[in-house]
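Okay, structure first, notes after.
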């Protein structure tokens, strides 16, 4: 009897697995750009929050501290009705509303020195900001609030007392400048005197129109012919393309230590 050996059955050959292709270079590049855009957007958003809100909080607190350190500065928020002998400051008597022509004028202070405070009833009876020498951003406007243009008049001077401040960010001292109306009081206090100015007009100019802070802001190249105050700030809001200008003229001055001007106690309806 014969026998034969059968070869074991061979498994069927399987097809080789196909390699999975990853995303191409173009796809990866688009994805990377998208991620970078998201990150950049987050950074820009955080910067805007810091610029518009955080700097305001910090600067406003620092400027209030500067005012508090001036032992001669009036800082109370009080109405005229509350100004009684036992509850608040006395109101200046009319006989101490003295002529602008007799106003004392202090020497120009050192750079960054705080020499005055500023009150605007239109912006609330609690509005008070320090005025310091210089208008550089890093040293004055970003940290001290309102700056005085070197070389322009000092408070009460025959000429033009010109000051500048931010309209947005860093405490935004001049944020509500567009609300001012002709006749509004603009009050400056120094250690020795009160100066009560009245707004006369406003205008919008481009940055090169520096004549707005000249001794005579109404006549280019003209000599001083009054006791002026000028406020300058950026315009429009969140832009430095133009300047918003407010002019005023000194109505009277008074020595300190005899009460406060009634104007700063005036309650003006707020928007």
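Each residue, glycine too, has its Cβ placed from N, Cα and C.
What you are looking at is a predicted structure, and each value in this text was computed from that prediction instead of being measured.
Residues annotated as active site, proton donor/acceptor in TrEMBL: 166. For 234, the entry in TrEMBL reads active site, acyl-thioester intermediate. The compositional bias 'Low complexity' annotation in TrEMBL covers 1-17. Sequence annotations record features per position, and here TrEMBL assigns region 'Disordered' to 1-21. Annotation source TrEMBL lists transmembrane segment at 29-50.
Following the DSSP three-state reduction, the secondary structure of residue 234 (active site, acyl-thioester intermediate) is strand. On the backbone, the CA of residue 234 (active site, acyl-thioester intermediate) and the CA of residue 166 (active site, proton donor/acceptor) stand 7 Å apart. For residue 166 (active site, proton donor/acceptor), other Cβ atoms within 10 Å of its Cβ number 22.
Around the Cβ of residue 234 (active site, acyl-thioester intermediate), 20 further Cβ atoms fall within 10 Å across all displayed protein chains.
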